[in-house]
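According to TrEMBL, the feature domain 'NB-ARC' maps to 57-104.
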Amino acid sequence: SPNLKSRYLLSKRATKKTIDVDKLKVEGTFESVSYPRPPVEVLNLTSHEGFETRLSTKKKIKEALKDKDISIIGVYGMPGFGNTTIANEMVNEVKVEKLFEEVAFA
């Protein structure tokens, strides 16, 4: 159960600060309120070709695709680590290399 007293005091302080900020906005004119942010370096993270683990995983998947005894291949891992991305890359590679007549992705 929430601590009602601490929540009340916190909301009271937040309300007071909001009123103070509104007063300052009306009273003053500010050229700037902070230092300019440092320049941002943009990294190209769309290409995963160089990751060693990704290359070895793709190699294993391709070997499994060529194995006649394997009928289903699953790609799994923690969310956000590129499971779907690597599966999509493999679908595209298989289509380009024409390993199969039909390719299904689910």
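Each Cβ is built from the backbone N, Cα and C atoms, and glycine gets one as well.
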Quick one: mean pLDDT on the domain 'NB-ARC' (57-104)? 86
DSSP on the domain 'NB-ARC' (57-104): how many residues come out helix, how many strand, how many coil? 25 helix, 0 strand, 23 coil
